[in-house]
Amino acid sequence: MRQIMVAANWKMNGLSADAVHLTRAILDAGLDPTHPEVVIFPPYTLLHVVAQEAKASALRWGGQNLFWEPSGAFTGEISGAMLRDLGCRYVLVGHSERRQIFAETDADVARKLSAAQAAGLIPIVCVGESEGERLAGETEAVLQRQITHILPYVGTGAQPNLVIAYEPIWAIGTGQTASPEQAQEVHAFIRGLVAGQSEALAKRLMILYGGSVKGNNAASLFAKADIDGGLIGGASLQAGEFLQICRAAEANGRGG
């Protein structure tokens, strides 16, 4: 059975005191240490703070982005090896804000996936459609294009080498969210695309939902068969709200 994950993307928010407060709130909540798997993605400046607080726990942390080169004259960038050196297990790749604001392409995402895996990181790769694409009935076509670039990196055998996060762009930070039924339909479509390459990988692949997940809708989303947790944005900056989401995942009854 697939594990369930709750991932906190803090984006460009927080100072050291905030990181300590939020991390300790999670650690002190008495969550099951392995169910759900909880991962924090702080800004780079706070990775060491989270690592120091969480080092003796089951809590994981990761980077919000990386560059595809291992080192060199790339001012402002960070490599997979640097993230590993800070104790990161995961890294976000292809978040919609990276695609939209920084013009990252599907090819860029693929290069970053390769670099992340070469550095020993597990990428959480984000896919999703815009509101215009959704209204035009292009959701499946957009996802198929994005997933096609991801498929070479999903894994070999029966063990996936990455996690996919479906984040409908129209639902990020807008207060809108896909209904559990809408999200399940898309997640099943994504899993079906992966199954076209490997049924075994598709069955074990974690697919998270990201798009205005809150404490009051998390349980209904996580109850769906193909939704394996959430990539949480704004709600992850509020300890009480985030823990409510974690509790919804904990009560789900799924384990690795």
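Glycine is treated like the rest: Cβ placed from N, Cα and C.
Here is what TrEMBL says about this protein:
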ACT_SITE  His95  active site, electrophile
ACT_SITE  Glu167  active site, proton acceptor
BINDING   Asn9, Trp10, Lys11, Gly173, Ser212, Gly233, Gly234  substrate binding site
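Known features from TrEMBL, placed on the structure.
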| residue | record | contacts (Cβ under 8 Å, 6+ apart) |
| --- | --- | --- |
| Asn9 | substrate binding site | Phe41, Gln64, Leu92, His95, Gly210, Leu231, Ile232, Gly233, Ser236 |
| Trp10 | substrate binding site | Leu22, Ile40, Phe41, Pro42, Pro43, Leu46, Ser236, Leu237 |
| Lys11 | substrate binding site | Pro43, Gln64, Glu97, Gly233 |
| Glu167 | active site, proton acceptor | His95, Ser96, Cys126, Val127, Gly128, Tyr209, Gly210, Gly211, Leu231 |
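Its Cβ placed at the centre, Gly233 (substrate binding site) has 23 other Cβ atoms within 10 Å. Take the recorded positions His95, Ser212, Gly234: by the count of other Cβ atoms within 10 Å of each Cβ, the lowest one is Gly234.
Classification of Trp10 (substrate binding site) by DSSP places it in coil, neither helical nor stranded.
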